Structure formats: structure tokens, C-alpha cells
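One structure is given here, and the rest of the page talks about it.
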Amino acid sequence: MTALSVNINKVALLRNSRGCDEPNVLQFSQDLIKLGAEGITLHPRPDGRHALYSDVYELKKNIDVELNVEGYPSEDFLEMVCEVKPDQCTLVPDPPGALTSDSGWDCEKNMDFLQKVVARLQAEGVRVSIFLDPDPVQVNFAMKTGTDRIELYTQSYAESYGTDSFEKVFAGYFATAARAVELGVGVNAGHDLNQENLTYLKQNLPGLAEVSIGHALISEMLYQGMETTIKNYLDCLK
Ligand SMILES: CC(=O)[C@@H](O)[C@H](O)COP(=O)(O)O
Ligand SMILES: NCC(=O)COP(=O)(O)O
């Protein structure tokens, strides 16, 4: 079973654009959950462009599905996560001004740092996932950090989908996920997934436990509406 965790960053972006509380992030999340979303993800970035720390606190108190908080493990981010204690924290290596997440960790180079962060979060009962490029070698280092899961960064999967290079690109994802399963590390995936490319990933990637999807899903809702869009994504994951 692969859980659908909806990333509400873009709902928060719309809310922030007018300085009021419309759309309300909590109400939107609760409506997503009523329609079958099995998790909520948000990525409070340092510049507060969309999801905010206050959203994390409010969601934690008011939703009954898994909460996944993504971010660079700065001290203030870690203090917030350790206080909120979401179900999962996904560590991403984004610098503060990043337009969006565009690479996974080099776990070998950041081993000491990541080991300390992983241990700190796990001590608070938070499951840890590390954002990773499709590279089986990196999985070995990710395991050494002590992480519970990896999150495969699926931008190149999405970009190659339907092109001549897809088979070669997907082979890297398959090898990385298979290595994670072999090492007992959980497999999540996210970034640029959509209704067109999700089914193949679900049907062919070993051990896929969770997908976190935001930009395409929220954009598609503008055309299809919330109910149809969520139903379509859940159908892709059957
Ligand atoms: C980690 C990842 O790939 C996405 O979850 C990221 O959170 C997207 O961030 P933006 O919504 O700011 O593009
Ligand atoms: N971790 C990926 C995520 O939460 C959403 O990424 P995207 O669907 O907005 O590209």
C-alpha cells in the first residue's frame, strides 16, 4: 500500500498572497482527508513564502492522518520539529533562497551532521526520511545516518517520463529503491509527480511506502476540482 500525502505548500502560497486566511490551510487539509488523503505534507521555507511554522502546529493539533514536515535541518527548524513531533520529518538540503527542492543529500559528505540530526529527531519519536537522488551508492550512506526512510527525488523521473531516456532513468530509481529495501530502509518518493506519471511509479518501484505530491495536484484541482483530483490520485495508487 502506498500512502498519498498531499503537500499543501501551494494552498498556503495562495493564502499568503492576500494577507488573509483564505483559503484556510487547516480546513483545506481536513477536506482533503475526508476525500481520502492519507497524509499531509508541508515544507515551511525560511522566507515564509508559503507554509509557515504556525501551519505545522495547527495541523498537528487538528488532523488525524500522518503529518510530514519537510525542510533543511537548521536549528530553528529542528527546534520546531522537536516541539511539534510530526509523524515524519523529511530532511532536504535546500539553501534558504531555493526556488524549489532541486537535489538530494550527499550523505557521505554530510554523514556526521545527518547522524546527529537523525538521532535527535528519532529521540523525539519522529520518523526520519532523507531526500535522495536516485543513486544506489547513496543509499548505503543514507542507511549509515540511521534514517528510517529515504525520499526519492523524482524530478528527473517526471522529466524523462514518456521520452526515449525514460528506461535508463527509471533503472536508476529501481536500483536505488531495491537497495533501500535490501537494507531495510523505507522508500518514499516525491517532486513533480502527477496523474500521468504516478501509476507507473507505483506499479514498478520496489517498496514504495508514500508519495508526497503538491504542485501538480493542487494545479490539477483548479481544472478538475478537489474530489475528482483526489479520486484520480487514489486510483493511480491502487
Ligand atoms: C522536497 C520537495 O521536493 C518538495 O516537497 C518541496 O517541498 C517543494 O517545495 P515548493 O512547494 O516550495 O516548491
Ligand atoms: N516531497 C515532495 C512534495 O512534498 C511535493 O513535491 P511537488 O509535488 O510539489 O513537486
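Cβ coordinates come from backbone N, Cα and C, glycine included.
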Please pick, from Asn7, Asn204, Asn232, the residue that TrEMBL records in the 3-amino-2-oxopropyl phosphate site together with Arg18, Asp192, Gly214, His215.
-> Asn7
Record-annotated 1-deoxy-D-xylulose 5-phosphate site (TrEMBL): member among Thr2, Thr100, Thr145 besides Arg45, His50 | Thr100
Near His50 (1-deoxy-D-xylulose 5-phosphate binding site), meaning Cα within 10 Å, which of Arg18, His43, Asp192, Gly214 (recorded positions)?
-> His43
Counting other Cβ atoms within 10 Å of each Cβ, which of the binding-site residues Asn7, Thr100 scores lowest?
-> Thr100
Give the distance between the Cα atoms of His215 (3-amino-2-oxopropyl phosphate binding site) and His191 (active site, proton donor), rounded to the nearest whole Å.
-> 8
Sorting the recorded positions Asn7, Arg18, Glu70, Glu151, His191, Asp192 by sequence and keeping only those with a Cβ under 6 Å from ligand 1 gives Asn7, Glu70, His191
Recorded positions Arg18, Glu70, Glu151, Asp192: which have a Cα within 10 Å of Arg45 (1-deoxy-D-xylulose 5-phosphate binding site)?
-> Glu70
Enumerate same-chain residues with a sequence separation of six or more from Asp192 (3-amino-2-oxopropyl phosphate binding site) and a Cβ-Cβ distance below 8 A; give 'none' if the list is empty.
-> Thr154, Gln155, Tyr157, Ala158, Glu159, His215, Ala216
